[in-house]
Amino acid sequence: MEQKPSKVECGSDPEENSARSPDGKRKRKNGQCPLKSSMSGYIPSYLDKDEQCVVCGDKATGYHYRCITCEGCKGFFRRTIQKNLHPTYSCKYDSCCVIDKITRNQCQLCRFKKCIAVGMAMDLVLDDSKRVAKRKLIEQNRERRRKEEMIRSLQQRPEPTPEEWDLIHVATEAHRSTNAQGSHWKQRRKFLPDDIGQSPIVSMPDGDKVDLEAFSEFTKIITPAITRVVDFAKKLPMFSELPCEDQIILLKGCCMEIMSLRAAVRYDPESDTLTLSGEMAVKREQLKNGGLGVVSDAIFELGKSLSAFNLDDTEVALLQAVLLMSTDRSGLLCVDKIEKSQEAYLLAFEHYVNHRKHNIPHFWPKLLMKEREVQSSILYKGAAAEGRPGGSLGVHPEGQQLLGMHVVQGPQVRQLEQQLGEAGSLRGPVLQHQSPKSPQQRLLELLHRSGILHSRAVCGEDDSSEASSLSSSSDTEDTEVCEDQAGKAASP
């Protein structure tokens, strides 16, 4: 006898009735329906609070396959289509069953027919591959909306006011007029020969070693580099309005930071070099052995990280202004005025960043962190070596002075100034093993000759003849003023 294909009888859905008791009633694990535990309290915003399933009348949970249904009818319809079960469904009562939330599991055929009758769409049920593709599309749409929202938020951020634009233009012009070689530095730079500064060869009195040839090259550019920082500051009205004493303290504190920033933004990843003063391209070891020690690592790392920001001249200029107007310097008189000036530059800086609309997420806070890195990495790197003669950075004393960390500040410089006569000439014999002159003595003489050590030079009151003459009494008085300010700045 030919056996008829088995049919699924009414109420025998294997997925919905797998946990039935002998009396035909559905068991509930742990006394609670899993569906209700997972969906409890969830109502989509487009549904009314007590909206019912159009198939069985149970509480609806959403819009499924073009109809508002409960989770049970949604799952039943999906399984039926995915597994192609509807040809096997049958009804004992001539397809006349009433489907509600109590009887819905007793006749699969009538339940399926009602799903079709109320408008549930079979073509919206996806197989596994289509479902994966749909989820991918959903994720893409979410990402697109996220980007659109970010663009809208950027467009809504405030841009510079007319007053801030004036501040920005002045700072930008001050930077461009004092930035050696400008945007043409790559074409005009000269690489320091590889045989210079590759190995520390001369022992200094403090036990460190330095390549004097590299040091000699650096001393040729240090005076104009410091002078350009001073000129930049003097072109800012907010700085020029400060007392002369505060101007000197601010310049002493920021000189190394600004010169390091100017070198860092001229980092070239192809040659792995920094271009100092817009003209001399040096490698890490050359900078380190030429007198800068471990700080060279901090400047190179800063250059690498800043290269991703693609800063323009205005952003570099405003960053320098923020570094200049720092109230962290000891001995300041007009702290409130300086703090307000820094806040004005910070606000203009933030609004200008909004104006440029960088593609880097969270560009502004990241850039602020870099500003703090300029200070912390340069000023406090190697703090464990604070007791050494080279100061808190673990750098040779001549290296610290070479790039303006102290300018006229700290016991190293004061000790050297005691070796200078009133006319600026060196006292005492020059040791033969220290080259014709000690690097410290050479640098100090350079700073005296350039007028960097004189308060009148900083405040714009110097006479050209007085600035060039170290033998005049006025220069000696100015030097004493700077020494006094340096002592205040160095003391806590």
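Cβ coordinates come from backbone N, Cα and C, glycine included.
Worth saying up front: this structure is predicted, and the values here are computed from it rather than measured.
The annotation DNA-binding region is assigned in Swiss-Prot to 53-127 on the grounds of sequence analysis.
Residues or ranges marked as Zn(2+) 1 binding site in Swiss-Prot (evidence: similarity to another entry): CYS53, CYS56, CYS70, CYS73. Secondary structure at CYS53 (Zn(2+) 1 binding site), as computed by DSSP, is coil.
The Zn(2+) 2 binding site annotation in Swiss-Prot covers CYS91, CYS97, CYS107, CYS110. Cβ neighbours within 10 Å of CYS110 (Zn(2+) 2 binding site), excluding its own Cβ and spanning all shown chains: 21.
Taken from Swiss-Prot, the feature 3,3',5-triiodo-L-thyronine binding site covers ARG228, SER277. The Cβ of SER277 (3,3',5-triiodo-L-thyronine binding site) lies under 8 Å from the Cβ of ALA180, ILE221, PRO224, ALA225, ARG228, each of these being in the same chain and 6 or more residues away along the sequence. SER277 (3,3',5-triiodo-L-thyronine binding site) carries neither a helix nor a strand DSSP state and counts as coil.
Marked as domain 'NR LBD' by Swiss-Prot on the basis of sequence analysis: 163-407.
Per Swiss-Prot, region 'Disordered' is recorded for 1-33 (among others).
When pLDDT values are averaged over the region 'Modulating' (1-52), the model yields 48. If you look up Swiss-Prot, you'll see 1-52 marked as region 'Modulating'.
Annotated region 'Disordered' per Swiss-Prot: 457-492 (among others), in sequence order.
The feature zinc finger is assigned by Swiss-Prot to 53-73 (among others).
Marked as zinc finger by Swiss-Prot on the basis of sequence analysis: 91-115 (among others).
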For the zinc finger (91-115), residues assigned helix / strand / coil by DSSP: 8 helix, 0 strand, 17 coil
Under 8 Å by Cβ from CYS56 (Zn(2+) 1 binding site), same chain, sequence gap 6 or more: CYS70, GLY72, CYS73, ILE99, ASP100, LYS101, ARG104, ARG111
Quick one: Cα separation, CYS91 (Zn(2+) 2 binding site) versus CYS53 (Zn(2+) 1 binding site), in Å? 22
Drop a 10 Å sphere on every Cβ of the binding-site residues CYS70, CYS73, CYS97, CYS107 and tell me which sphere holds the fewest other Cβ atoms. CYS97
Identify all same-chain residues not among CYS53, CYS56, CYS70, CYS73 whose C-beta atom falls within 8 angstroms of the centroid of the Zn(2+) 1 site's C-beta atoms; report them in sequence order. GLN52, VAL54, VAL55, GLY57, ASP58, ALA60, THR69, GLU71, GLY72, LYS74, LYS101, ARG104
From the Cα of CYS53 (Zn(2+) 1 binding site) across to the Cα of CYS107 (Zn(2+) 2 binding site), what is the distance in angstrom? 17
